[in-house]
Every structure is written in structure tokens, then in C-alpha cells.
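> Features from Swiss-Prot:
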type: SIGNAL; residues: 1-20; note: signal peptide
type: DISULFID; residues: CYS80-CYS181; note: disulfide bond
type: DISULFID; residues: CYS85-CYS141; note: disulfide bond
type: DISULFID; residues: CYS95-CYS188; note: disulfide bond
type: DISULFID; residues: CYS108-CYS160; note: disulfide bond
type: DISULFID; residues: CYS147-CYS190; note: disulfide bond
type: DISULFID; residues: CYS154-CYS192; note: disulfide bond
Amino acid sequence: MEKKLFGIALLLTTVASVLAADTNAPICLCDEPGVLGRTQIVTTEIKDKIEKAVEAVAQESGVSGRGFSIFSHHPVFRECGKYECRTVRPEHSRCYNFPPFTHFKLECPVSTRDCEPVFGYTVAGEFRVIVQAPRAGFRQCVWQHKCRFGSNSCGYNGRCTQQRSVVRLVTYNLEKDGFLCESFRTCCGCPCRSF
């Protein structure tokens with residue numbers, strides 16, 4: 001009996017560790033090739049459903065979406081409002097200028113680009129649909145600051161290290177038809193480190 005229980009416990013631990021370390025999860029947002037290699041997984045029906053839900057929130061709060069943040073009236077979503085495309089700038093997504101990265105003097109060459117993620121993996125490794133509702137006036141953007149690999153600007157005794165930061169974005173729960181404010185990791189800088 002004890003051997004059976006031990007075997008079941010070992011199996012559950014293995015399954016949990018495999019699920020926790022999802023190999024599909026990329027380093028940064030917007031790097032996902034899509035589930036099973038598909039580049040687009042958010043169907044037109046889901047997009048329309050999200051648009052209608054965002055429009056309902058905008059009408060409920062009396063906010064058009066083109067002025068103040070649609071979700072700013074709710075304290076839980078206040079953190080998510082700063083990544084709206086109309087207000088976010090590249091420096092908002094940089095991390096190495098702030099603690100604990102101020103001690104890095106050099107930065108490797110960085111490729112900077114903006115993106116509008118439609119899905120991604122949370123910091124807990126859970127797959128989520130990220131809210132993008134352009135018709136309702138709500139779009140979320142992040143700026144990626146990724147190392148240009150192959151650069152040798154750290155000198156002979158260091159190497160480029162990709163730093164990531166956590167951003168809070170509005171997601172849509174399809175099962176419960178509701179919004180959440182969740183954390184995702186995104187690339188934010190590339191300091192040189194000596195090893």
C-alpha cells in the first residue's frame with residue numbers, strides 16, 4: 001500500500017513539474033509562435049466577445065476609452081492601465097536604469113520594438129488571452145528591449161545578460177467571462193555582467 005501511495009505521489013510530482021516548466025513559454029511577450037506553431041489563436045468570435053465586454057465596461061463606467069483608461073475606476077486594474085498603446089513609451093519598459101540594476105555600467109546593443117500581445121504565459125506559466133479591443137478604444141502595448149546576440153561589447157571578461165521585468169496586463173477569462181489583471185514577463189534591458 002505504501003509503495004502504491006509513493007508511486008502515485010511521484011507521478012503527481014512529475015506531472016506538476018512538467019506543467020510548471022512549460023516549454024512553450026518564451027522568454028518575452030510577443031515571441032510566441034503560437035500554440036502548436038499557429039501564429040493566430042484568437043478567433044474572430046473571441047475577439048468580438050472581448051470587444052463587446054470592453055464596450056460594456058466603458059458604458060458602465062462612463063469612459064469612452066479614448067480619454068481615461070477604461071479600467072482605471074477599479075482599484076484592482078489601476079496597475080494595468082499604464083500599458084495602453086496611446087500612452088506607453090519605450091522608456092516605460094526599461095528596467096536596468098532602476099534598482100537593482102543601477103550597478104551595471106554597460107549595456108549590450110539592444111533591439112527595441114513595440115508589440116501588442118494577444119496571448120501569453122503569466123509569471124505562473126499559465127496561458128492567457130490578453131485583451132486587445134481596438135474598436136472599443138483599448139489596446140495594450142509593451143516595448144521589448146532584447147539583447148542583440150553575438151555582440152561583444154562587454155569586453156573580454158563579461159557577457160550580455162537578458163533582463164526581464166514584470167508587466168501587469170488586462171486578460172480575459174473565457175470560462176468565467178470576466179477580466180483579470182495579471183503579471184507577465186517581458187524583456188527590458190541587456191546589461192553587461194562580468195563572470
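A Cβ is built for glycine as well, from the same backbone N, Cα and C atoms used for every other residue.
Any idea what these are sitting next to in the structure?
The secondary structure of CYS181 (disulfide bond), as reduced to three states from DSSP, is extended strand. Its own atom aside, the Cβ of CYS181 (disulfide bond) has 16 Cβ atoms within 10 angstroms in the protein chains shown.
Under DSSP, CYS141 (disulfide bond) is assigned to coil, being neither helix nor strand in the three-state scheme.
Residue density at CYS95 (disulfide bond): 18 other Cβ atoms are found within 10 A of its Cβ, drawing on all protein chains shown.
For CYS160 (disulfide bond), the number of other Cβ atoms no farther than 10 Å from its own Cβ, over all displayed protein chains, is 22.
Every protein chain shown contributes to the tally, and the Cβ of CYS147 (disulfide bond) ends up with 21 other Cβ atoms within 10 Å.
Neighbours of CYS192 (disulfide bond), defined as other CB atoms within 10 A of its CB across all chains, total 18.
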> Considering Cα atoms only, can you say which of CYS95, CYS108, CYS141, CYS154 is the nearest neighbour of CYS147 (disulfide bond) among these disulfide-bonded residues?
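Going through CYS95, CYS108, CYS141, CYS154 one by one, the Cα closest to that of CYS147 (disulfide bond) is CYS108.
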> So which one is it: of the disulfide-bonded residues CYS108, CYS141, CYS188, which has the fewest other Cβ atoms within 10 Å?
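Taking CYS108, CYS141, CYS188 as the disulfide-bonded residues, the minimal 10 Å Cβ count falls on CYS141.
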> Give me the Cα-Cα distance between CYS188 (disulfide bond) and CYS154 (disulfide bond), rounded to a whole Å.
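Between the alpha carbons of CYS188 (disulfide bond) and CYS154 (disulfide bond) there are 18 Å.
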